[in-house]
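Student: Questions regarding the structure given below will be posed in turn.
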Amino acid sequence: MHLAKRTIPVAIAFVCGIIQVVDYFFKIESVNTWAQEIRSWVSIVAIFALGLGAVNVLRVHLKKVRQAPSESLNSILLLITFLVTISIGLTAGQSSKPYKFIFDYIIVPTGSAIFSLLAFYIGTAAYRAFRAKNAEAAILLVTGCIVMLGKVPLGEKIIPFAPKWTTWIMEVLNVGGQRGVMIAGAIGFVAVSLRIIIGLERRTYGVD
Amino acid sequence: MNISTDIGVWVGALFAIAIYSILYKDNLAYSVVESIFIGATTGHAIVVGVQTFKSTAWTPLVGGKLLFVVPLIFGALLYTRYFPSVSWLNRWPLALMMGTSAGVAMRGAIESQVVAQVSATFVNLLDINKFLIFLGTVLSLTYFFLTFQIKGKASLLPKIGRYFMMAAFGAAFGNTVMGRISAAIGRFQFIFVKWLGLGS
């Protein structure tokens, strides 16, 4: 049982990971074929994982409806919309009129309204973040304000050099700072990936 | 004023207004629209998933690629988590996904985030802007140097690196704010121009 519960998952992660790495460093045709095959397997398993998410949504909201039907209007609406979207999508197809209605007039406008909500919340976050308490916060404040002003025509009217400075900040200061963060993050990422492949980070796939 | 007669535009506009109503306080209209949105989005994800499954797994399998049985079995094993006696079996597909993702991500990280970035940094250092990029990159990296504590005058290096990073974060913040504001403007245009017909 130990073999099936602990050793096989570690072996699977090792073999799958090492094939991808070997395929990258040594251009061996048979390894490349297997690496591609495994990548396509993963995308198929990921679809099953998506289904798992749907099953969880169903379980959570059905439980809520069963426990307190009078207080679960939101769960009922969620379940109805969920099932209606799936049945239309699978029977009539994604190019059918009712499905397009759901996509164009419910998913897209509501999604972008939710996305844009952050424009309002970010204002309060900016108030807290942009208080020049020290040198770092002052730099954040100045670059943030210049970039915001440089992106709109009104900003150029207030500070004529704002667009030019925005370009310089984005192409020089931003690149320098971000590049350091990116390289440091990537080195950490490589370390974690190696730990997963060689079986030191087993918790990521449920083995203690 | 020329109000739209399109039912879809009405639905889109009323849903957007319901979403914006959260800015005042939590209310029934917001939670109803939020639930409908989550239901529709999850349903859409499943529909797309099923279509992708058909084209990437089912069609090749029926066409004779019998090896595709393996991911189907592994995918099905994910659902063993609902049966406590055999729930450990879902470790196998997770190990497949995690191992492969780690390998693929490692290749990507080395190539695009280390090698490409380093080689792009050491270019034409006599140019003042290129030199500043080089300086920003190296000094930002010193901030992540954790092998031992940098003391004395050398501690100025990670400090300057932090200033470069704050400038980058400020720029990213400003960019994000403007992106979100333009999305909000798009929604308001939809409400005022497309739905209410003002200014058209």
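Cβ from N, Cα, C; glycine included.
Pulled these features from TrEMBL for this protein:
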- A:7-26: transmembrane segment (TRANSMEM)
- A:38-60: transmembrane segment (TRANSMEM)
- A:72-90: transmembrane segment (TRANSMEM)
- A:102-123: transmembrane segment (TRANSMEM)
- A:135-154: transmembrane segment (TRANSMEM)
- A:180-198: transmembrane segment (TRANSMEM)
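How buried are the listed features, and what sits near them?
Tutor: Away from its own ends, the transmembrane segment (A:38-60) comes close to residues 16, 19-20, 78-79, 82 of its chain (Cβ-Cβ under 8 Å, at least six residues beyond either end).
Here the transmembrane segment (A:72-90) has Cβ contacts under 8 Å with residues 54, 57-58, 61-62, 64-65, 96, 98-99, 102, 106 of the same chain, all six or more residues outside its ends.
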Student: With Cβ distances under 8 Å as the criterion, find the stretch in A:7-26, A:102-123, A:135-154 that has the most pairs with the transmembrane segment (A:180-198).
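Tutor: Looking only at A:7-26, A:102-123, A:135-154, the most contacts with the transmembrane segment (A:180-198) come from A:7-26.
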Student: Same chain only, please: residues at least 6 beyond the ends of the transmembrane segment (A:7-26) with a C-beta under 8 Å from a C-beta of the stretch. Say none if there are none.
Tutor: 32, 34-35, 38-39, 42, 193, 196-199, 202, 205-207
Student: Any residues 6+ beyond the ends of the transmembrane segment (A:102-123) with a Cβ under 8 Å from its own?
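Tutor: Counting only partners 6 or more residues beyond its ends, the transmembrane segment (A:102-123) has Cβ contacts under 8 Å with 81, 84-85, 88, 94.
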